[in-house]
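In what follows, a single structure is set out as structure tokens and then discussed.
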Protein chains: 2
Amino acid sequence: MRVLGVDPGLTRCGLGVVDAQAARRITLVDVSVARSRPDDDVPARLAAIADAVEEVLDEHRPEAVALERVFAQHNVSTVMGTAQISGVVMLAAQRRGLPVALYTPSEVKAAVTGSGTAGKQQVGAMVARLLGLAEMPKPADAADALAIAIAHAWRGGAAPTSSRASTEAQRRWVEAERAARRRG
Amino acid sequence: MRVLGVDPGLTRCGLGVVDAQAARRITLVDVSVARSRPDDDVPARLAAIADAVEEVLDEHRPEAVALERVFAQHNVSTVMGTAQISGVVMLAAQRRGLPVALYTPSEVKAAVTGSGTAGKQQVGAMVARLLGLAEMPKPADAADALAIAIAHAWRGGAAPTSSRASTEAQRRWVEAERAARRRG
């Protein structure tokens, strides 16, 4: 199952594509950060990001799109741009017939690190480990987009089965997920 | 000058097209309210509204798009959907090379009624009068969309010149605008 994860933003929008195989194996397909110039007006900025998103959709043909859910309570100065980008990304997915899933930041952190309150550093480190990367993807928007894609691939793709967990990270994830369920 | 005014919303999105001639004369070209079903998921709802907006753009070929500016301080339960629709509308305009203008609700009210605190009823009544309609456009989203289009047509199109104001409503508008400037 191929998933595009999107960390929506008007200035920087993280775009991460991963493939999920059986037994929680995840491989990196593509990762990038679409940018727009803060000096441009909003419609031009939306188009710059939309063009980049559509390029990734057309080139890598994911089967699903996962997005960070935006809350109105977040940083007021950036939330409107983030919501606008989310709308544009959801529309692009819908028009390609792709299902869209939304995850809260804590759902993503819990899926990838086992803790819904993990810091950016920890999320980046786990994303690198799960994808077998030598270094943490940078900037944080790139790592976050991959984390969102991984969270969805694991939830929507192969169901978690501890008996098939084949790496240390995967085993720990299954345990953390169980613990999170007990706490939740 | 032909303007599409948009009162953005995920459940109901007002779309009003007007032509502005010299001396503040405004004529109605088209008005409609695009709707989406609250039971559908957000991407499908965004696409339903986006399809309607693009149909109006393609059929009536406005030279500019004016939108109500969305604030994060507004009703939290609807503001995210409204922001998402705004993003989708701005992108559609940008991709057609159309300039986009944003107005606050009080700017629109002041432009149409002379008072930034006018009620919906008063805005609707003035929109009907300015367009020479026998009745107020309904629902309110339709009247609001037309008010936004009129506000932009007057600001961006023919400059207000009281000597050329030819109807009672137009004369009053010019006076109200002057008064608003003095107060502002």
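These residue numbers are counts, starting from 1, taken along the chain as shown.
Keep in mind that glycine also has a Cβ here, set from the backbone N, Cα and C atoms.
Marked as active site by TrEMBL: A:Asp7, A:Glu68, A:Asp141. Taken from TrEMBL, the feature Mg(2+) 1 binding site covers A:Asp7, A:Asp141. The Mg(2+) 2 binding site feature in TrEMBL is assigned to A:Glu68. Feature annotation from TrEMBL assigns compositional bias 'Basic and acidic residues' to A:169-184. What TrEMBL records for A:157-184 is region 'Disordered'.
Listed in sequence order, the residues of the same chain lying 6 or more apart from A:Asp141 (active site) and placing their CB within less than 8 Å of its CB are A:Asp7, A:Gly9, A:Arg12, A:Cys13, A:Gly14, A:Val33. Most Cβ neighbours within 10 Å among the active-site residues A:Asp7, A:Glu68: this distinction goes to A:Asp7.
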